[in-house]
Amino acid sequence: MLFSLSVNNFIMALFHSRQTHVERKPASKPKVEEDALKLFREMLHSRPLPCVVRFTQLLGQLVKLKHYSAVISLNRQMLLSGIASDDYTLNIIIKCYCHLNQMGFGLSVLGTFFKLGLQPDVVTFTTLINGFVLHNQVPEAARIFTKMLETGHCKPNVVTFNTLMKGFCMRGDNTAAIQLLGKMEEERGCEPNVVSYSTIIDSLCKDTLIDEAFNLFAEMISRGITPDVVTYTSLIHGVCKLGQWKQATRLLDEMLSTCIFPDVCTFNVLVDTFCKEGMVMEAKSVIQKMIQRHIQPDTITYNSLMDGYCLRGGTDKARQVFDVMISKGSMVDVQSCSILIHGYCKGKMLDKAYKIFKEMPRMELVPDTVTYTTLIDGLCKVGRIQEAEELFSEMQGCGQLPNVQTYAVILYGLCNNHQLSTAVELLTEMEARELELDIVIYNIVIEGLCKAGEIESARDLFCGLSSKGVQPNVRTHTVMIHGLCHHGFIVEAEKLLREMGGKGCSPNGWTYNTIIRGFINNNETSRATRLIQEMLERGFSADASTMELIVDLLSKDTAAAAICVGIGSFSDPMGAQGLAHFLEHMLFMGSTKFPVKNEPAEGIESIRLRALIDLFDEIIEKPFYDQLRTKEQLGYVQCDWKLISGVFGFYFIVQSSEYNPIYLQRRVDNFMNGLEDILDWMMNYRGGLMAKLLAKNSFFINETDRLESDYPGKRHCVYPLCLVLYTFDYAKRVAEELSSLQKEDVVNFYKTYLQQSSPKHQRLAIRVWGCKTDLKEAAELRRESLQIIEDLEAFKMSSVFYPNGC
């Protein structure tokens, strides 16, 4: 509630700012360009020729319109007509070369200065420094700056300092930027201004170094430098990213009290921050206040709002925003299309994504690398790998060069769609072209090789990384450990774990969970126990999958008649309070699948039911994972059957940081309602399940594990001793029942109990809304009728399962 009030107060503060802002529409660029070129031709043919100053003024106007190539061409025509350049002209030409990323030509213009007897000034060197900064060549920019200081002929001014500061901040080197700010005081007549401080404050806020930013802000004010809208916007952005809405409100009030009013950039920061936090309703409210203050939202505003909707799975609302932008004319840009395409791809609506992609040329927009990469990723994730490859080729044919992310996407798609040989060929081609490949690329291929059983090839690629100049990271080691464990190379897996620390790449929780699961699955329980202790000592904990295996391990019944365990709080180890009671419960209260109480009666019907449940579970497990996890990328998924208080049921768990619970439930419903087609493959699963049930185990421990997982006919518990009587031929009886099952039996079981339209279908949906959930939007999403339980006992007594099932 306090959080909501803080946000609302913040939005109201925006509304009560007094100044309004009316945007002036600039003159049409094509018209200005056409007039400038026409005037240039007239001047060139007039006699006597105008002086170079007139030509330079015209070139300056074209530079403002960003027609850099045209300016260079016109300057050549001037030289051919005998019009010699002056220092202003040459500075303009250097600026054009810098913006065209032709820094070599820009530096060569310095020679023209000396050839014409001209002296480069501070503008010349500042322009060159800016050119290097623009193209992320900050060390080159710093070298020019250092030479300016050393020679002393051309001292840097405040613009030069600010330009290099911007370069340092772009690289995230805030320390160097602050040191450069200190050097300004050493230069006489070069005092830092509001731009100097605002540049560094903005960089600190982007890195969430809010305390350092406020320290610099205080220093700025103490020196008598008045902050502007850019300064306050940067600070507001920083505190909003940390969710400090009260601090943002205070800054906004302070800003307004000094007659500094928010502009479109300030509002865009707020809209973007709200949307990234999933607070789309608040973002819409900010846009409404923005319009009321006569500040028109621009393309950036609407793009942020579209992105916010898409992040929450609201592609329909994002499309509505997109249509509003089209109706306003010339507001849609390439990023707008890429955002909507990404939203459609996340929702597996590839046809709609393709439609936007095809409409881009009609809107005079050229898809860029991000657009192509987004669509290729979407195609790969739904298994349309051939179309993805065709689009990849089309992308290069259109002159859009794929970046590392594009290659990562296509490699991931190939590996996950059983085209590993093509993926390896593409990697070889990338290496031959000497592309700068990072560890992410190699991780994808190594993981693909491990999953495909090509463990030797994966090992060779892993061992050769250092020779390629690429250092394996934690993920690389973890992927290899998983592959080695999966193929039974547990000794080598543990050796690789021990080597990680010496390589400056310490294992994390994911690594430990992976190798522990590998050891348990390979029946190396003593090693797994030792690693569990090591993991806990290092401050990591077991994840859901590992905990499930540990619990199963702890809850297994053995053939021994008695088990002695320490019970009660005095048996708890230091730092693990409650552990003894947990183990006591797991050992004496039965396993997850077979709780002691209310187990169903024995007989033919229970065996047939168990056979149907086991077979149905075998059928849907892999398709469920493939659809919701691999293809739809919803997050962590799990499905299984359970016996709770004598009632059999299937449960489905989907955990996602990107989608709301209602959307996730709909995706599960969609999967379950479309299962009838999958059941056509039932015969394949039946044979495999029967073979598993009838397989003989080589080791006693494996046989006891199997007996534990079989359905016990009778179970007695004598505290603290546990005596178990098994139905030893239970697996054989279930297998015999499986052999008699037909497809119609499974289909009827599905239609009777699991299809949503069946009158016998009953379900309980538990939706957990995260702390960042927009509860207003959540209320809008809920359409189903709800039952509020006020008297729990009365509710339980009204159930048809009372008292056994309650």
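Indices start at 1 and increase along the chain as displayed.
Every residue gets a Cβ built from N, Cα and C, even glycine.
Under the heading domain 'Peptidase M16 N-terminal', TrEMBL lists 555-607.
Annotation source TrEMBL lists domain 'Coenzyme PQQ synthesis protein F-like C-terminal lobe' at 615-682. On the 0 to 100 pLDDT scale, the domain 'Coenzyme PQQ synthesis protein F-like C-terminal lobe' (615-682) averages 76 in this prediction.
Sequence annotations record features per position, and here TrEMBL assigns repeat 'PPR' to 121-155 (among others). Break the repeat 'PPR' (121-155) down by DSSP state and the numbers are 27 helix, 0 strand, 8 coil.
When Cβ-Cβ distances below 8 Å are used as the criterion, the repeat 'PPR' (157-192) is approached by residues 122, 125-126, 129-130, 132-133, 136, 138, 141-142, 145, 148, 199-200, 202-204, 207, 209, 212, 216, 223, 225 of the same chain, each at least six residues removed from its ends. If you look up TrEMBL, you'll see 157-192 (among others) marked as repeat 'PPR'.
Annotation comment: TrEMBL describes 193-227 (among others) as repeat 'PPR'. Within the chain carrying the repeat 'PPR' (193-227), a Cβ under 8 angstroms from the stretch's Cβ atoms is held by residues 158, 161-162, 165-166, 169, 172, 174, 177-178, 181, 184, 234-235, 237-239, 241-242, 244, 258, 260, all 6 or more beyond its ends.
Feature annotation from TrEMBL assigns repeat 'PPR' to 228-262 (among others). For the repeat 'PPR' (228-262), DSSP puts the residue distribution at 26 helix, 0 strand, 9 coil.
According to TrEMBL, the feature repeat 'PPR' maps to 263-297 (among others).
Annotated repeat 'PPR' per TrEMBL: 298-332 (among others), in sequence order.
Within the chain carrying the repeat 'PPR' (333-367), a Cβ under 8 angstroms from the stretch's Cβ atoms is held by residues 299, 302-303, 306-307, 309-310, 313, 315, 318-319, 322, 325-326, 374-375, 377-379, 381-382, 384, 398, 400, 631-633, 658, all 6 or more beyond its ends. Residues or ranges marked as repeat 'PPR' by TrEMBL: 333-367 (among others).
According to TrEMBL, the feature repeat 'PPR' maps to 368-402 (among others).
Positions annotated as repeat 'PPR' by TrEMBL: 403-437 (among others). The residues of the repeat 'PPR' (403-437), classed with DSSP into helix (H, G, I), strand (E, B) and coil, number 26 helix, 0 strand, 9 coil.
Summarising the annotation, TrEMBL assigns repeat 'PPR' to 438-472 (among others).
Look at TrEMBL and you will find 473-507 (among others) tagged as repeat 'PPR'. Residues 439, 442-443, 446-447, 449-451, 453, 455, 458-459, 462, 465, 514-515, 517-519, 521-522, 524, 527 of the same chain lie 6+ residues outside the repeat 'PPR' (473-507) yet bring a C-beta within less than 8 angstroms of a C-beta in it.
The repeat 'PPR' annotation in TrEMBL covers 508-542 (among others).
Counting residues per DSSP class in helix, strand and coil order gives 26 helix, 0 strand, 9 coil for the repeat 'PPR' (368-402). Secondary structure of the repeat 'PPR' (438-472) per DSSP, as helix, strand and coil residue counts: 25 helix, 0 strand, 10 coil. Counting residues per DSSP class in helix, strand and coil order gives 26 helix, 0 strand, 9 coil for the repeat 'PPR' (333-367).
Break the repeat 'PPR' (298-332) down by DSSP state and the numbers are 27 helix, 0 strand, 8 coil. Counted with DSSP, the repeat 'PPR' (263-297) comes out as 26 helix, 0 strand, 9 coil.
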